[in-house]
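> Here it is: the structure, laid out below.
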Amino acid sequence: MDQKDLNIDIHNEFFTKKFQVTLTKREPINHDSYMFRFDFKNGKERLGMQAVQHIKIYGLNMNGEIVDRAYTHVFEEDGYFQIPIKIYRPNVHPQFPNGGELTPWLEKIDLNTELTIKRCIGKLLYNNNQFIVRPKVNKNWSQFNSVLLICGGSGITPAYQLIQTICNNQNDNTKMVLLYANKSEQDIWLMKELKDLQDKHKDQFTVHFTLDKSDENWNGLKGFVSLEMMTSIFPKATETTLGVLCGPKPMNKLVISLYEQFGLKKENIVKF
């Protein structure tokens, strides 16, 4: 697909039409997360989306009202796709005393339930070694020599999708360094997959994990994301360095500030 042929029209039916998929599996990842599998009615159908585009899932909140939330799939084959989702249960997370708007419902609905979803464009577009930052307002393709990624918790999903896509593109030599922050080791998603990508693409991709809480057996980074931590693992920022981020709101605010202190241009910093 040529860049000029890539459709980024958010009003196109591809991104506006809602359709149904069936929840067929919900397998635990850890104490508060599952890998959800959604099947199409047509066994050959796919989402057919570019990297770092996402979907909206529609469902019910605690009051029975229809709500929607955005998620990024991490695996796709003919007829189905998979999304890891963290469940925000009531009276567990201080920030969400009533629980999440959608995830308590997703945790409890029966398998083989049909759900409504919609494809969406995010704040970054990637195709064949080039990017559009903020495609809803910008139509210009840019090439970056390096991509820095800082993610927290479930915010890893769009980063993983992008990393996987770039690594699988033999014509793309973009260098990527990921800093992935979590509360504890059991909260880390896709650890094996990320390490496998690093092993297979050592010259192109490096991952670093940091934990808020760790024991003596942990040999990764420790503590919250900081400028000192970034300086120790990231290459020096240049005009062609892209900085992306995805995590909890307080973390995102901090990371944007840290990226600027690190030397990235404001227009080259984007939240997934």
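Just so it is clear, glycine is given a Cβ too, placed from its N, Cα and C backbone atoms.
Summarising the annotation, TrEMBL assigns domain 'FAD-binding FR-type' to 16-127. What TrEMBL records for Arg69, Tyr71, Lys86, Thr157 is FAD binding site.
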> Can you list the residues of the same chain, besides Arg69, Tyr71, Lys86, Thr157, whose Cβ falls within 8 Å of the FAD site's Cβ centroid?
Ala70, Thr72, Ile83, Pro84, Ile85, Ser154
> Quick one: mean pLDDT on the domain 'FAD-binding FR-type' (16-127)?
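Here the mean pLDDT over the domain 'FAD-binding FR-type' (16-127) amounts to 94.
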> With a 10 Å radius around each C-beta, find which of these binding-site residues (Tyr71, Lys86, Thr157) has the fewest other C-beta atoms nearby.
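Selected from the binding-site residues Tyr71, Lys86, Thr157 on minimum Cβ neighbours within 10 Å: Lys86.
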> Among Arg69, Tyr71, Lys86, Thr157, listed as contacts of FAD, what is the widest Cα spread in Å, to the nearest whole number?
14
> Other than its own, how many Cβ atoms are within 10 Å of the Cβ belonging to Arg69 (FAD binding site)?
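Around Arg69 (FAD binding site), other Cβ atoms within 10 Å: 15.
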